[in-house]
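Enquirer: Pasting the relevant annotations from Swiss-Prot:
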{"type": "ACT_SITE", "residues": "D57", "note": "active site, proton acceptor"}
{"type": "BINDING", "residues": "D57, G58, N125, E126, R150, N227", "note": "NAD(+) binding site"}
Amino acid sequence: MKNNKPICFYDIYCFKPQECFKRNDINLLEDKLKRYSKITFLRNKENPEIIFLLGGDGSFINFINQQWKKNVKIVGINYGQLGFYSSYDSIKTINLDEIIDENMYYNPLLLKVSINNQNFFYCLNELSLFSNELVSFDISINDYPYEKFRGSGLLFVTPSGSTGKNKTAFGPIIFNNHENFIMTEIFPVNHLKYSSLNAPVVFRKDYKISLTNIKFKKSFSVAIDGNIINFSDKINDIKVETIQASSKIHGLNNFKKYIDKLNKSFIKGE
């Protein structure tokens with residue numbers, strides 16, 4: 001009998017091979033896909049439509065930062081602690097009806113960072129600019145002067161990154177289906193002669209932030225999603241804007257699951 005079911009090509013990436021082997025998760029997932037009645041799933045490493053990522057948030061972030069230009073759907077199965085980018089905590093809990101639902105996928109917002117107008121970086125979570133001593137920036141919003149900041153540094157975060165360092169710095173949490181980004185000041189200097197706004201600012205996704213006249217004494221670090229970027233040249237200016245990834249993340253726009261993760265990770269009841 002001819003198989004008239006639609007075909008979906010997929011692949012599986014496991015970032016913790018020993019854990020995958022111990023759980024037998026790859027075999028369990030492949031078996032689950034084979035038994036699904038509505039679609040024929042075929043593994044295709046060269047050109048998958050769906051990629052199942054087995055790992056923690058760190059592995060997920062690194063993967064997206066490298067593969068964001070590819071038009072592929074990504075489903076996360078959590079092997080870490082928080083699992084903010086994962087839709088499921090185990091193979092057993094995977095709902096294949098949700099996997100094939102186009103409405104369950106969302107193109108995440110990324111930060112596009114340019115340094116000295118020649119070095120370009122992309123981050124799913126956050127850009128951290130930090131110094132153990134005093135650092136100062138002239139900040140412009142859409143090429144209009146905003147303020148001169150003096151303090152330990154600045155954080156720029158996407159909605160999906162707002163529960164990280166930004167939360168620790170008392171920045172706002174933004175739900176993933178809101179297309180904004182945040183600038184949060186880190187330990188700003190405030191006294192009688194000088195003070196900055198000393199409050200997080202939420203920007204629309206089409207805003208562009210420029211940092212110029214960057215001054216610091218000895219050390220100044222630039223971190224893209226936790227990865228320190230080293231520069232041999234002097235940093236004269238930094239520009240931050242956003243782009244939409246071509247890749248789609250499963251469940252990222254599901255506010256009910258997001259609230260459940262917030263409760264599980266941060267909120268304690270009686």
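Note that Cβ sites are derived from N, Cα and C of the backbone, with glycine treated the same way.
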Enquirer: Restricting to the same chain and to sequence separations of six or more, state which residues have a Cβ under 8 Å from that of E126 (NAD(+) binding site).
Expert: L111, L155, F156, V157, T158, G161, G164, K165, N166, A223, D225
Enquirer: Cα-Cα separation of R150 (NAD(+) binding site) and D57 (active site, proton acceptor), in Å?
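Expert: R150 (NAD(+) binding site) and D57 (active site, proton acceptor) have their Cα atoms 32 Å apart.
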Enquirer: Could you check the binding-site residues N125, N227 and say which one's CB has the fewest neighbouring CB atoms inside 10 Å?
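Expert: Checked N125, N227; of these binding-site residues, fewest Cβ neighbours within 10 Å: N227.
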Enquirer: Can you grab the distance from N125 (NAD(+) binding site) over to D57 (active site, proton acceptor)? Cα atoms, rounded to a whole Å.
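Expert: Just about 10 Å between their Cα atoms.
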Enquirer: Measure from the CA atom of N227 (NAD(+) binding site) to the CA atom of the residue listed as 'active site, proton acceptor' and give the result in Å, rounded to a whole number.
Expert: 14
Enquirer: Inside 10 Å of the Cβ of R150 (NAD(+) binding site), count up the other Cβ atoms and send me the figure.
Expert: 19
Enquirer: What whole-number value in Å do you get for the largest C-alpha pair distance within D57, G58, N125, E126, R150, N227, the residues recorded as binding NAD(+)?
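Expert: Spelled out: the longest distance between any two Cα atoms in D57, G58, N125, E126, R150, N227 is 32 Å.
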